[in-house]
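Engineer: There's a structure below that I have some questions on.
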Amino acid sequence: MIVGLTGGIGSGKTSASNQFMALGIPVIDSDVIAREVVLPGMPALSAISEHFGTAIIQDDGQLNRAALRQKIFQDNHEKQWLESLLHPLIRERTINQLTEASKGKPYIILSSPLLLETDQHTLCDAIVIVDLLEQQQVERATRRDKNSTEQIKRIIAAQISREERLTRADYILDNSGSYEQLIEQVNSLDKLLRSKHLS
């Protein structure tokens with residue numbers, strides 16, 4: 001069984017993912033895969049450099065993510081171009097990793113900030129949302145990423161709304177409380193998902 005895990009920026013996806021891993025559940029992280037497909041020497045990085053210019057590449061050959069983010073947030077056409085390049089590559093690599101990781105496991109987690117915005121949710125048997133109020137999202141993400149409140153709000157605006165996300169959830173992890181409360185919820189959900197695997 002493939003369980004999709006998502007939530008807005010600053011929602012606590014990483015904390016939830018880490019706890020699932022601590023419980024012995026494989027976690028395939030689409031953010032990690034998205035970074036892998038643009039490593040130096042990968043065809044996608046060459047295409048990005050050709051399209052946006054060499055200023056998008058750092059001196060060490062790595063992608064300058066901040067510069068790229070600035071370009072695509074200002075121009076929806078450029079954002080669509082980038083997504084049409086990367087999403088198929090990310091999907092293919094994700095499917096390969098999910099297939100490999102699922103062997104002998106009761107379930108696996110596909111963690112993705114854009115699970116519902118892209119077609120990644122179609123790979124999943126169930127959807128788990130890590131949820132909290134938008135104001136808390138902004139506070140936590142601003143503190144964590146050292147970005148401005150305005151930048152975080154722009155990222156939130158680019159993701160689907162909290163209301164829509166919640167309507168598509170099979171399970172909700174409420175992260176408006178303490179870290180310990182989130183961990184307790186993950187532990188309970190793990191037991192439930194393992195029992196579903198056995199039935």
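Every residue gets a Cβ built from N, Cα and C, even glycine.
Keep in mind that TrEMBL annotations are predicted by a computer and have not been checked by a curator.
On a predicted model such as this, the values are computed, not experimentally measured, just so you know.
The ATP binding site annotation in TrEMBL covers Gly10, Ser11, Gly12, Lys13, Thr14, Ser15.
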Engineer: Same chain, not part of Gly10, Ser11, Gly12, Lys13, Thr14, Ser15: whose C-beta falls within 8 angstroms of the C-beta centre of the ATP site? Give them in sequence order.
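Structural biologist: So the extra residues in range turn out to be Gly7, Ala16, Val130, Arg140, Asn175.
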Engineer: 10 Å Cβ neighbour count around Lys13 (ATP binding site)?
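Structural biologist: Within a 10 Å radius of the Cβ of Lys13 (ATP binding site) lie 25 other Cβ atoms.
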Engineer: Count the other Cβ atoms sitting within 10 Å of the Cβ of Thr14 (ATP binding site), across every protein chain shown.
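Structural biologist: Around Thr14 (ATP binding site), other Cβ atoms within 10 Å: 17.
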Engineer: Within a 10 Å radius of its Cβ, which of these binding-site residues (Ser11, Ser15) has the fewest neighbouring Cβ atoms?
Structural biologist: Ser15
Engineer: Look up Lys13 (ATP binding site) in the DSSP assignment and report helix, strand or coil.
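Structural biologist: The three-state answer is helix.
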